[in-house]
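Straight from Swiss-Prot, the features:
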type     : residues                           : note
TOPO_DOM : 1-9                                : topological domain 'Intravirion'
DISULFID : C92-C417                           : disulfide bond
BINDING  : R118, R152, E276, E277, R292, R371 : substrate binding site
DISULFID : C124-C129                          : disulfide bond
ACT_SITE : D151                               : active site, proton donor/acceptor
DISULFID : C183-C230                          : disulfide bond
DISULFID : C232-C237                          : disulfide bond
DISULFID : C278-C291                          : disulfide bond
DISULFID : C280-C289                          : disulfide bond
BINDING  : D293, G297, D324                   : Ca(2+) binding site
DISULFID : C318-C337                          : disulfide bond
ACT_SITE : Y406                               : active site, nucleophile
DISULFID : C421-C447                          : disulfide bond
Amino acid sequence: MNPNQKIITIGSVSLTIATICFLMQIAILVTTVTLHFKQYECDSPANNQVMPCEPIIIERNITEIVYLTNTTIEKEICPKLVEYRNWSKPQCKITGFAPFSKDNSIRLSAGGDIWVTREPYVSCDPGKCYQFALGQGTTLDNKHSNDTIHDRTPHRTLLMNELGVPFHLGTRQVCIAWSSSSCHDGKAWLHVCVTGYDKNATASFIYDGRLVDSIGSWSQNILRTQESECVCINGTCTVVMTDGSASGRADTKILFIEEGKIVHTSPLSGSAQHVEECSCYPRYPGVRCICRDNWKGSNRPVVDINVKDYSIDSSYVCSGLVGDTPRKNDRSSSSYCRNPNNEKGTHGVKGWAFDDGNDVWMGRTISEDSRSGYETFKVIGGWSTPNSKLQINRQVIVDSNDRSGYSGIFSVEGKSCINRCFYVELIRGREQETRVWWTSNSIVVFCGTSGTYGTGSWPDGADINLMPI
């Protein structure tokens, strides 16, 4: 090969390499531009149209780093849409309950600014659990805490914090309320907030931080709601509300709410005689509630809600080991599934239970007459067999010589099943502890477990002699 041929060959090879490099740079440029614009668009599987990502509610942003010939390209993948919760998974099989959370609010109030509260509850969005309570518009170490034993004042507000975070001064006040319920439909929070005069109260429905709807008192006698979480299935949330006598016939309605708007109202039907302060849980495809009969029964009413056709049925828990306080002793108490037992039916306390096949798990105060101690157990046949009394898997949550209070249920969706959890209100102060002028609470929370567990007692634990008066 002569010199001219060598020059031509080298030139041809160089030109070929340069052309390849040029084409590669064009490809990189096209890829970069394409990815840059595609991060703001998602393919719609329904009609193959392009939809903007920005207005869509998302669960998370995912960023992938792609390396091409020393060029770094950031590609944002469009996140999946957030869907309504449907709670269609089965209920978890459990052997009992394990400790989950305790906020120690009263003990912390001895040396810090903590809200005075009562009527606490717990509810979870798809990723995190929150604790709620009705604040009294004051901290404990504050003269405004005097006489906070009263339930209904215009200063009461619904407080919301992450579970385990006491209600400190930075706590969000969600709404004005002396009775409330909250739940998350998979996209946003719904808060039902009742406030106003006893004879003409208003319930406000706040969805995604906005007031969407309201309803006024229909019986002019203390409109009130659950004091625990409501339940949403496929975008329809249900809440049980009562207006009328606390010791006689009252008017209970079940409201169906979609994104904060009341879409239907159903009257209570079935054999339940008096229904208040329901503890509700998803029982796909419907909702089931265990409530308080403050008139005739120490056995707890059951309210079954059909979300699809808005129909309602009601009855009573079959277990002869009844769940309300006050009640007869276990040898004398009874329940026959359909009607109130007419045993120490006046007064009562908010509580919970849930079905497990033919059996029932339940919690109650250990004392038959006062809000002292707390226990849980399973009653074999307690859901289906009248007056069943075979108790197993009993656990003490709070010893009998320590104070308890309201309790309620909340549900947590896992990978394969829905777990049931409960909270116990630990009331301190007046009326029983007259050294101080305030009434407030802390909480303890347990969740169902399929594992083993030990024993203990988890009272409030504050020394009343160390507390502000």
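Along the chain as shown, the residues are counted starting at 1.
Quick reminder: no glycine exception, Cβ is built from N, Cα and C everywhere.
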Sparsest-packed of the listed disulfide-bonded residues (C291, C318) - C-beta count within 10 angstroms: C318
Cα proximity to C289 (disulfide bond), best match among recorded positions C92, C129, R152, R371: C92
8 Å Cβ shell about D293, G297, D324 centroid, Ca(2+) site members excluded: H274, R292, N294, W295, K296, S298, N299, R300, P301, Y316, V322, P340, N341, G345, G348
Between C237 (disulfide bond) and G297 (Ca(2+) binding site): CA-CA distance (Å): 28
Largest tally of Cβ atoms lying within 10 Å of a Cβ, found at which of the recorded positions D151, D293, D324: D324
Neighbours of R118 (substrate binding site) among the recorded positions D151, C237, C291, Y406 (Cα to Cα, within 10 Å): D151, Y406
Cβ neighbours of C183 (disulfide bond) where a neighbour is any other Cβ within 10 Å: 26
Residue among disulfide-bonded residues C237, C278 with least C-beta crowding, 10 angstrom cut-off: C237
Pairwise Cα distance for C318 (disulfide bond)/C183 (disulfide bond) [Å, integer]: 28
Other CB atoms, at most 10 A from the CB of R292 (substrate binding site): 27
Same chain, 6+ residues apart, C-beta under 8 Å of the C-beta of C230 (disulfide bond), given in sequence order: S181, S182, C183, L190, V192, C237, T238, V239, C280
Segment-level pLDDT (mean, integer) for the topological domain 'Intravirion' (1-9): 60
Residue from C92, C129, C291, Y406, C447 whose C-alpha is spatially nearest that of the residue listed as 'active site, proton donor/acceptor', among the recorded positions: Y406
Fewest other C-beta atoms within 10 angstroms, as judged across C129, C280, which are the disulfide-bonded residues: C129
Local backbone state of E276 (substrate binding site), from DSSP in three classes: strand
